[in-house]
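A short write-up of the structure that comes next.
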Amino acid sequence: MSVVGIDLGFLNCYIAVARSGGIETIANEYSDRCTPACISLGSRTRAIGNAAKSQIVTNVRNTIHGFKKLHGRSFDDPIVQTERIRLPYELQKMPNGSAGVKVRYLEEERPFAIEQVTGMLLAKLKETSENALKKPVADCVISIPSFFTDAERRSVMAAAQVAGLNCLRLMNETTAVALAYGIYKQDLPPLDEKPRNVVFIDMGHSAYQVLVCAFNKGKLKVLATTFDPYLGGRNFDEALVDYFCDEFKTKYKINVKENSRALLRLYQECEKLKKLMSANASDLPLNIECFMNDLDVSSKMNRAQFEQLCASLLARVEPPLKAVMEQANLQREDISSIEIVGGATRIPAVKEQITKFFLKDISTTLNADEAVARGCALQCAILSPAFKVREFSITDLVPYSITLRWKTSFEDGSGECEVFCKNHPAPFSKVITFHKKEPFELEAFYTNLHEVPYPDARIGSFTIQNVFPQSDGDSSKVKVKVRVNIHGIFSVASASVIEKQNLEGDHSDAPMETETSFKNENKDNMDKMQVDQEEGHQKCHAEHTPEEEIDHTGAKTKSAVSDKQDRLNQTLKKGKVKSIDLPIQSSLCRQLGQDLLNSYIENEGKMIMQDKLEKERNDAKNAVEEYVYDFRDRLGTVYEKFITPEDLSKLSAVLEDTENWLYEDGEDQPKQVYVDKLQELKKYGQPIQMKYMEHEERPKALNDLGKKIQLVMKVIEAYRNKDERYDHLDPTEMEKVEKCISDAMSWLNSKMNAQNKLSLTQDPVVKVSEIVAKSKELDNFCNPIIYKPKPKAEVPEDKPKANSEHNGPMDGQSGTETKSDSTKDSSQHTKSSGEMEVD
């Protein structure tokens, strides 16, 4: 089983894998560990990653990038409309109201949902992982910003399904960084001591996130998280772009923002300039050739000017830092370390703002680009049964408070209950008790919409079905379990009705459960419930999430253990209690329908197949082109001596015609046409290539055969001279060897003489394969005869053996015992003999 962590960034993506040696960030086909989050669609195929990034300027309208913020949002969303102004490609309203991308693919205009676009990118990352690991990849952990809402998280989960990935967890980026930091620390305080508090600051290309985390040995607990979803490296790029646009408008009388291609080039140059200014404080030039209207533009900028230009952006660094400390109830002196990650944290002014707030040096021990991917890979390894990882528990939190609303029995009345407050531990489950006589609907929404970077407070509605009054006409007791799962997504996990079944006999005197007794019991069990919750935080798996029970009034009631005891008491007093599961109908905000998701998965499969077929077609075409260029080059060099002038002229014409055909009629042909064309060319080229190869390899083959003949002749000569090494050989067989050698020499001389009379342009008389076969034939016939080993001299039998003839088995003895003794004597003799040899 593969263990993969994916950092799905706004600008770039990183992939980390867990191997026996640890966590490793893998490289793509360009030997680059960074894969741009970019997809370019063409008339026949798609380019994804590095190949797509190179087409941003050349294929402006059909190259998709910067789409991460469009997840889970409607087309009319203010954020989508803001992004629409920035993006050079066209956005379109999809049939379900969500934002989509309109591009030209396979010679027609096509809309793609954001889930499809991200699915394409994830499929590419999956392919890169499989190429590196040499095995299929399915399970993974994908990073998302901590401020993503339920709709955005579900959208990313759908994109993973489109790519054929099984996402074990959607992990908050800052939590992934904290895991990558903490799991390797050997000096963390024990569980019974005060935890070590660490601040993690992540400023990427599009967002700014801050997290405070408490570490103990084997434990990570997120205390608070804050963010600015609209502050990142691209905002600093935009400040530079706006500055230079104004300057060029005055200096060169050109409006850069009217030309999307020129604007993209300026963005690229400003990003480079920003990175250079992080390392240099002096004036740095900006030069772009043939920028617009065949104009070359130039300017300059230094770090001081840049910081002054971005003063309003730098002022936004401190508020999230202040807010996270307030939410965590910590002072500056409580913080042990400040860790920074993300590309934009390399800007000196950003570092200065952070240092100024905390009044201590910041730490850069983590890899600013790869820390998120590494944390995701570690989480995947923890969740995977295939890897044994050091025990390490992770407790994340709910970034926004969540409230449930339902209709009450009063006319036009409704009830509300805040089930999860802000910064509540997650994953977590709670049980809420309702008293209902009919099916009812629960509406989940974010309590404080002004805190959520999303225009719609609704999460979804959940209808609890099959609720009926009890047999005695009373309201049914319905227990509803709500959960924030391992992905940070809210759901109504289950619902059940408690049905009373009276025992035989009169139980009218049995005590009833009243509001008073309920409240008194609540006081007795509150402390115990809180302890159970804290213990439950140690596990990050959804199936191990802690639970808490709430009455429909919103007041906390009994813990699970206490409630079970009460049920037992009520059963003894009043009768049997039966729990029946109820069906739940969910209607989630911006949820993709299963049919639509299946169509996206099917379309992705078709596009992958189209890419594969196009690659094979291009490979076949390139093979023809490569053969033409390579053979033409060889005709002027190594093949020149092996072709007549007439044939050279004809073949050169064929090669030239093929080259012209490739760029004219053969520009766009099916794969089989190119395969046939290559075979046709090889009919001309292979005879020449064969002559060249025969000429190159023939001398070595002839030399090897000559050496073998000489070697056998030396043995024959030694045999004739009565050499004692060969005096055991059979004379008849040696005569056969002499005849074989004589025939081989005659064959060799005749073939060499005939070959020497031919020119290099003629077909050879004898092929290398024939010479090699003759050499093997000689070996097979002569070697068994001339290398026949001498027979060993007979060794005289030992005299004690004669005496042993009288040592047969006596009466009452078996032959087996005698044999055993004989074996023992033999072994002793052998040992003795061995000792003598040593001496």
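Each position is counted from 1, following the chain as shown.
Placed from the backbone N, Cα and C atoms, the Cβ positions cover glycine too.
Checking Ser298, Ser409, Ser508, Ser759 against Swiss-Prot, you find phosphoserine recorded for Ser508. Ser579 is the residue among Ser98, Ser559, Ser579 that Swiss-Prot labels phosphoserine. Of the candidates Thr364, Thr637, Thr761, Swiss-Prot records phosphothreonine for Thr761; the remaining residues carry no such annotation there, which does not rule it out for them. Of Ser74, Ser129, Ser414, the one with phosphoserine in Swiss-Prot is Ser74, while the others lack that note in the record, though it may still apply to them. Residues within less than 8 Å, Cβ to Cβ, of Thr761 (phosphothreonine) and separated from it by at least 6 positions along the same chain comprise Lys641, Phe642, Ile643, Thr644, Asp647, Lys691. On a Cα basis, Ser74 (phosphoserine) lies 41 Å away from Ser579 (phosphoserine).
The local packing around Ser74 (phosphoserine), expressed as other Cβ atoms within 10 Å of its Cβ over all shown chains, amounts to 18.
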